[in-house]
Amino acid sequence: MMASFFDQFASPSFLGIPLIAIAIALPWLLFPTPPSRWINNRLITLQTWFINRFTNQLMMPLNVGGHKWALLLASLMVFLITINMLGLLPYTFTPTTQLSLNMGFAVPLWLATVIIGMRNQPTVALGHLLPEGTPIPLIPVLIIIETISLFIRPLALGVRLTANLTAGHLLIQLIATAVFVLLPMMPTVAILTATVLFLLTLLEVAVAMIQAYVFVLLLSLYLQENV
């Protein structure tokens, strides 16, 4: 029974061919390509407004050197939101429930921020490992703790996104199963449970968007420390 609940998180395949690549590439086909005209339709106007507002808010705390990451972070935000939202549809697969995919996003981007900090301002980057005014006996311990916390950052990014989406999808499936089981026996309780399921689905839509935003926001904060 429990194995069937977790089957939804298994990477799909057809004739032995993994379909996760299609699940990752398909969302980009859903976005309209802006034409060369000044007058656009409402969908493209709304899309452009959203991306501009998000980019301005994300890049405001960063200096000019960090603005080079605007296109990358905005694209990652749109990509994660699209994948998370499409994963809520029936008979679909959410690639971001796979820890390997999320770590594939988190580790290279986190490592890039660390390398930029070590290259541009090595003294400031290394200074984060030892807070100012630390007593001399605590210096070795604090350096070890701060180093461990530095290397835990990409793991926290990937695990947070994976855990939130996995928990939400699993809870939706559990409540949906309860609705089908209770419907023949207790219709009133089944209707109340279906109402809870509907509200939970709305909450999961918000979680899908918020988790994508948190993922990119934390990356921008790591970048802010190193530029």
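Quick reminder: no glycine exception, Cβ is built from N, Cα and C everywhere.
Automatic prediction, not curation, is the source of TrEMBL annotations.
Listed in TrEMBL:
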- 12-31: transmembrane segment (TRANSMEM)
- 69-89: transmembrane segment (TRANSMEM)
- 101-118: transmembrane segment (TRANSMEM)
- 138-159: transmembrane segment (TRANSMEM)
- 171-199: transmembrane segment (TRANSMEM)
- 205-223: transmembrane segment (TRANSMEM)
Field: Within-chain partners of the transmembrane segment (138-159) [C-beta distance under 8 Å, separation at least 6 from its ends]
entry: 99, 102-103, 105-107, 110-111, 114, 128-131, 215, 218-219, 222
- line: Tertiary contacts of the transmembrane segment (69-89), defined by C-beta under 8 angstroms and 6+ residue spacing from its ends, are 23-24, 26-28, 30-31, 51, 54-55, 58-59, 62, 95-97, 105, 109, 161, 165, 169, 201, 204-205, 208-209, 211-213, 215-216, 219-220, 223
